[in-house]
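Contents: one structure, followed by commentary.
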Amino acid sequence: MSDVSKASLPKAIFLMGPTASGKTALAIELRKVLPVELISVDSALIYQGMDVGTAKPNAEELHAAPHRLLDILDPAQAYSAADFRRDALAEMAEITAAGRIPLLVGGTMLYFKALLEGLSPLPSADPEVRAKIEQQAAEQGWSALHKQLEEVDPVAAARIHPNDPQRLSRALEVFFISGKTLTELTQTSGEALPYQVHQFAIAPASRELLHQRIEQRFHQMLASGFEAEVRALFARGDLHTDMPSIRCVGYRQIWSYIEGEISYDEMVYRGVCATRQLAKRQITWLRGWEGIHWLDSEKPEQSYNEVLQVVGAIAD
């Protein structure tokens, strides 16, 4: 697309960053002075009843800056990148039609990528094929299916852990339905985002600072009732660790503690480690991302002014 035709597109802002980097706080401040509406880009914040462990904005923050695509699903429900793209595009169109600018804020990079670049034409899920895969897994174990995936799609197998049944079964399902590998199909991009996007990423200048923030926040969450929140989910009886909601960082570790698999101290240690690993993956994604304006989360006023400088011009 030419620069001229790009300039005629409606405007949108991405505010990305690793967990515990201050994205939400910055977005809320920006909402006070810019004609923007916030859309959450977070695969954990979509779930109802998962507030403490996801660092969901509180009632006061949401009153000041309402977030769309927040609390839209029960934790028993699944939600794909395709679902997000569909919902985000609908919200963006509504915001743009009202004469305002969509500000998409979050840390789920796969959602941002799906929105920006479009999705490859993957086949829809087939319950019959999925049932056969699950039956085979019950008989032979998921490690045997992982070896099967290694034979047909070694690239996908290298990315998918043998203990990740959801992604493993999907990769095999795609191959059985289409005769093409997940790797082949994902190399075919879909429809690009019909917006002129200004992209920002916020993170601390040093990894040590981010690690400190993560550890402090995890302890704050525990002090704010994180364990009680997970116990309430556990008590429902219809949720389990194969579900994306319960695999969210922190939730999975507390779940293991509740089941008696690990001690409290081990749960805290694993929860902090898992959150740090998530942040590392998020930063790796962002470093390979083109067209990003980086912001230092340790300098909130400077970050705020930098965004205003760029966005102020497009918001006039």
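A Cβ is built for glycine as well, from the same backbone N, Cα and C atoms used for every other residue.
The model shown is predicted, which means the values in this text are computed figures rather than measured ones.
The annotation ATP binding site is assigned in Swiss-Prot to G17, P18, T19, A20, S21, G22, K23, T24 on the grounds of sequence analysis. Neighbour list (A20 (ATP binding site), Cβ cut-off 8 Å, at least 6 residues apart, same chain): A55, L210, R213, I214, R217, T275, A279. Classification of A20 (ATP binding site) by DSSP places it in coil, neither helical nor stranded.
Per Swiss-Prot, substrate binding site is recorded for T19, A20, S21, G22, K23, T24, and the stated evidence type is sequence analysis. Every protein chain shown contributes to the tally, and the Cβ of S21 (ATP binding site) ends up with 27 other Cβ atoms within 10 Å.
What Swiss-Prot lists as region 'Interaction with substrate tRNA' is 42-45 (among others), and the listing cites sequence analysis. Sequence-distant contacts of the region 'Interaction with substrate tRNA' (42-45), counting only residues of its own chain at least 6 positions beyond either end whose CB sits under 8 Å from a CB of the stretch, comprise 53-54, 56, 67, 69-71, 79, 84, 106-108, 110-111, 244-245, 248.
Non-local neighbourhood of T108 (site 'Interaction with substrate tRNA'): V41, D42, S43, F84, each in the same chain, at least six residues away, with C-beta under 8 Å from its C-beta. Secondary structure from DSSP puts T108 (site 'Interaction with substrate tRNA') in coil. Per Swiss-Prot, the feature site 'Interaction with substrate tRNA' maps to T108 (among others); the stated evidence is sequence analysis.
Every protein chain shown contributes to the tally, and the Cβ of R130 (site 'Interaction with substrate tRNA') ends up with 16 other Cβ atoms within 10 Å. Taken from Swiss-Prot, the feature site 'Interaction with substrate tRNA' covers R130 (among others), and the record attributes it to sequence analysis.
Looking just at the region 'Interaction with substrate tRNA' (166-170), the mean pLDDT is 91. Summarising the annotation, Swiss-Prot assigns region 'Interaction with substrate tRNA' to 166-170 (among others) and lists sequence analysis as the type of evidence.
Secondary structure of the region 'Interaction with substrate tRNA' (247-252), assigned with DSSP and counted as helix (H, G, I), strand (E, B) and coil, comes to 2 helix, 0 strand, 4 coil. Taken from Swiss-Prot, the feature region 'Interaction with substrate tRNA' applies to 247-252 (among others).
The region 'Interaction with substrate tRNA' annotation in Swiss-Prot covers 280-287 (among others) and rests on sequence analysis.
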Among all the protein chains here, how many other CB atoms are within 10 A of the CB of P18 (ATP binding site)?
28
Reported as an integer number of Å, what is the Cα distance between T19 (ATP binding site) and R130 (site 'Interaction with substrate tRNA')?
33
Judged by the number of other CB atoms within 10 angstroms, which among G17, G22 is the least packed of the binding-site residues?
G22
Provide the number of Cβ atoms within 10 Å of the Cβ of T24 (ATP binding site), excluding the reference atom itself.
23
